[in-house]
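Enquirer: Per Swiss-Prot, the feature transmembrane segment maps to 10-30, 43-63, 81-101, 134-154, 162-182, 213-233, 246-266, 272-292, 298-318, 341-361, 363-383; the stated evidence is sequence analysis.
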Amino acid sequence: MNFLELQVTLSFCVIFLLRMLGMFMILPILSKYGMLLDGGNKFLIGLSMGIYGISQVIFQIPFGILSDKFNRKKIILLGLFMFFIGNIISASIHSIWGLIIGRFFQGSGAISGVCMAFLSDLIREENRVKSIAAIGVSFAISFLIAVVSGPIIVHYFGFFSIFWISAFLSIVCMIIVCFFVPFSKKNILKQNKTLHSYKKVLNFVLNKVFFRFYLGVFFLHFLLMIKFTMIPNQFEISGFSLDNHWKVYLGTILISFFVLFLFIFYCKYKYILENIIEICILFILFSEIIFLSAQKNLLFLIISLQIFFISFNFLEVFLSSHLSRQLSNNYRGSIMSIYSTSQFLGIFFGGVFSGWLYSFLNFSQIFYFELFIILLWLIFSFFLRNRFYL
């Protein structure tokens, strides 16, 4: 990487880390402290959790279209400002409805797709996977810091301090964008070209080559949500206390990123690189089979989780990098935003389905459902394979 690429990569890593740190800190404590808010109940707490994903889905594509028409840097600043407003609302209105409205505004700053498109504008193709992998690491670091620090911060400073801290972190992110992220005009459509519309975006959604990646990230996060509905319960059945679960998550996530970086820097086999998506889906299938047969065997459960995390992190990197490689600058923001929308839809539907299935199916039946989803994903991935450049 040259200096500019390194500067851009590190800047976006810090932006993603600080922004997601503000989001993740609330996860371990919302179910407990949300009940203490005015009007709080289990349904509205669930709504306050899910509404962030819904607003992300609503605003991802509009933000992507705006980033293709105007400078991406300005759109990222707009999204961070919306995130800031959402935190101020959540911290100021001490009721469950204030939290719901604030969380909606937080999600409306839907800049994930825009950031990935901006990264692709500024980073050469041969270095793009490394940059995306670095951002993936920043996600993992923010999650690990958040699940440990969130309860501690709330214990000493109160529930609403989480949102004031998140608001401060969003200001830090805006400063980083202003002073460390360069302007790029590569994405802006020329005056003599017709600016694309929602009809054009619909064509992007239905394109079978792009659809392979949309389905891929949807299925990946759909399975992740179901996985995390089942894992804590299975660990406790095996005799592993809830207080120690974070140790397994920490170890497996760190190992998975170590394997990912070794692969990125040292794997030179073209056949493996071209088929990495299907190979990872097969490994996820293998991890589910181990998990299903593990029962109360803690070692097998951890091995299964390790294989899943390695495959998950590989797919997080290579799905987005393979897609961005096939896009021209003019439409990258729109298509990457559709991709991010698919990701949040997977999270939303995965969470809904996991709760619904858990209410009337047993452990084995849910995992057979997972196996069916993985096989369906594998079939779609093979069927939709092609080469295309827009």
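Note that Cβ sites are derived from N, Cα and C of the backbone, with glycine treated the same way.
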Enquirer: Most CB pairs under 8 Å with the transmembrane segment (10-30): which of 81-101, 134-154, 341-361, 363-383?
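Expert: Looking at each of 81-101, 134-154, 341-361, 363-383 in turn, the most contacts to the transmembrane segment (10-30) are made by 134-154.
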Enquirer: In the same chain, which residue numbers or ranges, 6 or more beyond the ends of the transmembrane segment (81-101), come under 8 angstroms Cβ to Cβ?
Expert: 19, 22, 34, 37-41, 44-45, 47-48, 51, 107-109, 160, 163-164, 166-167, 170-171, 174
Enquirer: Quick one: do the transmembrane segment (246-266) and the transmembrane segment (363-383) reach 3+ CB pairs under 8 Å, ignoring pairs fewer than 6 apart in sequence?
Expert: no
Enquirer: Per the 3+ Cβ pairs under 8 Å rule, pairs at least 6 apart in sequence, do the transmembrane segment (298-318) and the transmembrane segment (213-233) touch?
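Expert: Checked: the transmembrane segment (298-318) vs the transmembrane segment (213-233), in contact.
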Enquirer: Need a quick answer: max count of Cβ pairs under 8 Å to the transmembrane segment (272-292), which of 134-154, 213-233, 341-361, 363-383 is it?
Expert: 363-383
Enquirer: Let me spell it out: take the transmembrane segment (213-233), skip the flanking residues so only those 6+ beyond its ends count, and list any with a Cβ under 8 Å from a Cβ in it.
Expert: 205, 242, 245, 277, 284, 291, 301, 305, 308, 312, 315-316, 319-320, 322-323, 338-339, 342-347, 349-351, 353-355, 357-358, 363, 366-367, 370, 373-374, 376-377, 380-381, 384
